[in-house]
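Quick look at what Swiss-Prot lists:
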BINDING   Asp81, Asp123, Lys124, Glu489  Mg(2+) binding site
BINDING   Cys122, Cys193  [2Fe-2S] cluster binding site
MOD_RES   Lys124  N6-carboxylysine
ACT_SITE  Ser515  active site, proton acceptor
Amino acid sequence: MPDYRSKTSTHGRNMAGARALWRATGMKDEDFKKPIIAIANSFTQFVPGHVHLKDMGQLVAREVERAGGVAKEFNTIAVDDGIAMGHDGMLYSLPSREIIADSVEYMVNAHCADAIVCISNCDKITPGMLMAALRLNIPVVFVSGGPMEAGKTKLASHGLDLVDAMVIAADSTASDEKVAEYERSACPTCGSCSGMFTANSMNCLTEALGLALPGNGSALATHSDREQLFLQAGRTIVDLCRQYYKENDYSVLPRNIANFKAFENAMTLDIAMGGSTNTILHLLAAAQEAEIDFDLHHIDRLSRKVPQLCKVAPNIQKYHMEDVHRAGGIFSILGELARGGLLHTDLPTVHSKTMAEGIAKWDITQTDDEAVHTFFKAGPAGIPTQTAFSQSTRWESLDDDRENGCIRSVEHAYSQEGGLAVLYGNIALDGCVVKTAGVDESIHVFEGNAKIFESQDSAVRGILADEVKAGDIVIIRYEGPKGGPGMQEMLYPTSYLKSKGLGKDCALLTDGRFSGGTSGLSIGHASPEAAAGGAIGLVRDGDKVLIDIPNRSINLMIDDAEMAERRAEQDKKGWKPVESRPRKVTTALKAYALLATSADKGAVRDKALLDKLVP
């Protein structure tokens with residue numbers, strides 16, 4: 001039976017000094033016999049998805065203490081991708097994931113904590129904490145801040161979100177008054193942006209991995225029901241500690257819950273709900289922390305057999321996360337996947353002995369439990385606020401229509417092929433990814449002329465200056481993990497292509513990545529990246545490029561001899577942008593770039609290189 005990790009600093013004569021310091025934090029004699037639960041909060045006033053989290057750590061802490069544990073809260077950083085976007089701030093977004101993972105490891109290991117509650121929400125915070133949890137492999141529960149309500153305005157018949165504001169702002173035909181109205185209406189409350197963007201995608205995937213409570217990904221930040229998730233997280237983590245430290249039950253450890261099959265479940269859900277392509281990057285990174293052999297080839301295999309059962313903004317204007325919740329949330333999607341034979345249901349979770357038990361209890365089409373039905377009727381109030389749990393509005397009915405509703409059955413899927421795909425070819429030997437959920441079927445096969453840009457900034461200038469024409473394939477390179485550095489999101493270029501009326505007439509390929517708000521024929525994560533000698537660095541203006549989603553291929557239409565000749569020429573020049581880029585690459589960013597791998601490896605640190613540098 002394992003000892004509490006915390007005994008290292010709470011027991012024995014030699015730890016008198018440490019105990020003295022623990023006492024200064026409020027601990028008493030009886031507390032040294034209890035598990036110390038680290039509460040990793042990510043409150044910040046910079047990010048709407050985190051602005052309401054200030055008191056959440058203490059809410060969990062009090063419940064931990066009532067359940068018999070000792071709670072100690074600390075904070076991590078949190079970057080808002082939307083605010084950091086469109087300038088050099090975006091260089092810091094993906095590297096912040098590693099900083100978050102490291103900071104959780106540092107705090108938990110330095111103080112010998114026995115377990116963790118991860119209070120996350122937005123784009124890099126949930127992945128960073130997930131990486132840390134799998135690295136540490138001690139009991140953990142994830143609880144997020146919850147999604148934002150969709151925006152409302154008389155100028156639109158559908159709910160609004162951040163992307164709507166960006167697209168309308170770039171539309172030269174839109175009046176200043178209309179732009180201002182969209183801006184004021186798009187993000188009305190606290191919470192992660194209201195569509196199936198990266199933050200909400202990742203919070204949904206923690207449910208599929210078995211590390212979060214049902215409703216974690218879909219219950220609105222503003223709704224009073226969400227408070228119960230925080231309270232239950234406090235009780236659950238103490239129970240997990242009891243099972244592991246007192247009952248010798250290793251099945252509750254995160255690597256045993258989030259095993260290979262659980263990663264398949266998470267990716268299956270991601271494909272079925274048309275999640276952000278960033279989730280692929282983050283799942284690959286988390287799998288490496290868990291020492292699981294899960295890669296793009298596994299994702300490619302799943303993408304060919306999993307149908308799309310849910311469609312949410314930005315892939316469709318009609319639905320946002322509040323509608324997913326009304327339709328039964330993530331466990332109703334998992335239930336449909338299970339009935340289709342597409343899910344591993346024999347796996348443990350933090351709340352149920354098996355995923356099958358969890359589905360039986362929480363899928364609204366399988367349970368008659370009125371409390372569950374009431375929970376999923378929680379809806380938006382339509383009142384701008386930055387306060388959590390501030391409203392108790394409920395829908396009059398659930399959306400249990402599996403033929404035409406927000407969530408569909410396998411038989412009535414939006415499409416029989418899912419919302420994400422992996423493409424391979426001579427331009428991306430190690431793969432690249434596309435969110436097919438946001439691509440019109442008429443352009444699933446697209447051949448066009450390459451239009452080269454060697455930075456996101458120059459691409460934005462070119463698109464706004466009408467240098468990009470119908471039939472072009474915009475290539476934005478040297479924006480990968482090393483080349484950026486930091487693998488910027490390309491939401492502005494894709495949004496501006498839409499605003500120029502080119503959303504269905506152009507494609508975009510990059511070794512950078514995309515916001516979860518991106519739609520259209522936008523292909524990212526090209527691996528190897530240009531800075532690592534990837535063939536995307538060999539494309540020239542006017543080259544023909546063929547994209548074939550049905551056959552999962554993407555190719556530069558030149559022969560092998562020409563490709564080899566170009567590679568030899570580029571080797572002499574060096575793999576760097578031709579044009580000078582006025583961006584300040586600090587020591588912190590250089591350190592990230594030194595060790596960063598390409599996107600097919602999750603853009604994590606190159607551990608083999610690190611082992612050579614520090615044997």
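Just so you know, glycine gets a Cβ as well, placed from its N, Cα and C.
Counting other C-beta atoms within 10 Å of each candidate's C-beta, the binding-site residues Cys122, Cys193 are led by Cys193.
Using a 10 Å Cα-Cα cut-off around Cys122 ([2Fe-2S] cluster binding site), the recorded positions Asp81, Glu489, Ser515 reduce to Asp81. In the three-state DSSP classification, Cys122 ([2Fe-2S] cluster binding site) falls within coil. The most densely surrounded of the binding-site residues Asp123, Glu489, judged by C-beta neighbours within 10 angstroms, is Asp123. Apart from Asp81, Asp123, Lys124, Glu489, the Mg(2+) site neighbourhood in this chain, defined by C-beta within 8 angstroms of the site C-beta centre, holds Val79, Asp80, Ala84, Ser93, Leu94, Cys122, Thr198, Ala199, Asn278, Ser515. If you take the Cα of Glu489 (Mg(2+) binding site) and the Cα of Ser515 (active site, proton acceptor), they are about 5 angstrom apart, rounded to a whole number. Cα spacing between Asp123 (Mg(2+) binding site) and Cys193 ([2Fe-2S] cluster binding site): 10 Å, rounded to the nearest whole number. According to DSSP, Ser515 (active site, proton acceptor) is assigned to coil rather than to any helix or strand. Geometry remark: Cys193 ([2Fe-2S] cluster binding site) versus Asp81 (Mg(2+) binding site), CA distance 11 Å.
Using a 10 Å Cβ-Cβ cutoff, Lys124 (Mg(2+) binding site) registers 30 neighbours.
The separation of the residue listed as 'active site, proton acceptor' from Asp81 (Mg(2+) binding site), Cα to Cα, is 8 Å. For Ser515 (active site, proton acceptor), the same-chain residues lying six or more positions away in sequence with a CB closer than 8 A to its CB are Asp81, Gly82, Met85, Val163, Phe197, Thr198, Ser276, Asn278, Glu489, Met490, Leu491. Look at Glu489 (Mg(2+) binding site): DSSP puts it in a strand. Over all protein chains present, the Cβ of Asp81 (Mg(2+) binding site) has 28 other Cβ atoms lying within 10 Å.
Mapped onto three states, the DSSP output places Cys193 ([2Fe-2S] cluster binding site) in coil.
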